[in-house]
Amino acid sequence: MAVNKFFGAISALSLLLLLSSFGCEAQLSPTFYDTTCPNALTTIRTTIRSAISRERRMAASLIRLHFHDCFVQGCDGSVLLDETPTIQSEKTSLANRQSARGFNVIEDAKTAVEKICPGVVSCADILAVAARDSSAAVGGPSWTVKLGRRDSTTASRSLADSDLPAPFHQLSTLISLFSNKGFTPREMVALSGAHTVGQAQCRTFRGRIYSNGADIDAGFASTRQRQCPSTGGDSNLAPLDLVTPNQFDNNYYKNLVQKKGLLISDQTLFNGSSTDTFVTEYSQNPQTFSSDFGAAMVKMGDLSPLTGQDGIIRRVCSAIN
């Protein structure tokens, strides 16, 4: 009897340890909220679609926000945290300062979800879902979002400064930054296709349009100079895709082939180097681009998530509980 009890206790302990290990290494799953908050995804989608219907550009901003979250500490909602005495906000980093936007839309989605399922859905997951819903809302691909991320209690301005690509980066730097996160050059070119929507500020492309370089179409440069003077007007906007700026399609790549990429970091993808073949392929095959973009976004959403007992579920996305 005592022996049976002993082995029974050992078995129970082993099971407990096994379950505990699964909890620490929890996997993201599309069905994560099916029982705890079954209406989470439709609630988020309603908020996102409403915001994009008011301002089409918001789709690009939300996709970018998810990207800037995942490339710094992983997909943990750290980009959403405000500055505090103990947190150096990523919002003030070089890549985000005066350009990252859509924070209010994520907060609106969080507020709506908190009303139906308080303390259940993370801000990191809302960001991931918002990116997918934004793409679909402007004619781009949709994909199955894996869920179960938890929110960080920290942020890193220094990592944001070092890990996020800049509009003036050349190909070798971009390949290195994306490789550091596990992405191939092809996946990098596919993710860059997010620039098929959205706008950029004059200060980010002034150097390119006044360069008189061989890698920019002269007529395109002249057109862009009208709204972006050589001095002043730093915040003046221009569409990243001059053909269909509010539609998610493959015209971004067609522009690159014609030397009409707005940013240095855009045109460097098609400039007589190793990634030219990917740009050409995507310019000719919109379905291939759409498929590859969706797959790369799923992969990005897998970057170092906090799961199980790690992290927290924030009540408000901009602050720690």
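Backbone N, Cα and C define each Cβ position, glycine as well.
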Query raised in the report: Based on what TrEMBL records, which one of C75, C117, C123, C202 is disulphide-bonded to C37?
Result: C117
Query - Spatial separation of H195 (heme b binding site) from D249 (Ca(2+) 2 binding site) - C-alpha basis, Å - result: 10
Query raised in the report: What is the separation, in Å, between the Cα atoms of R64 (site 'Transition state stabilizer') and D241 (Ca(2+) 2 binding site)?
Result: 15
Query raised in the report: If you draw a 10 Å sphere on the Cβ of E90 (Ca(2+) 1 binding site), how many other Cβ atoms land inside?
Result: 27
Report summary line: Filtered by Cβ under 8 Å and at least 6 apart in sequence, the residues in the chain of D76 (Ca(2+) 1 binding site) near it are D69, A124, R149, R150, D151, S152, S304, P305, L306, G311
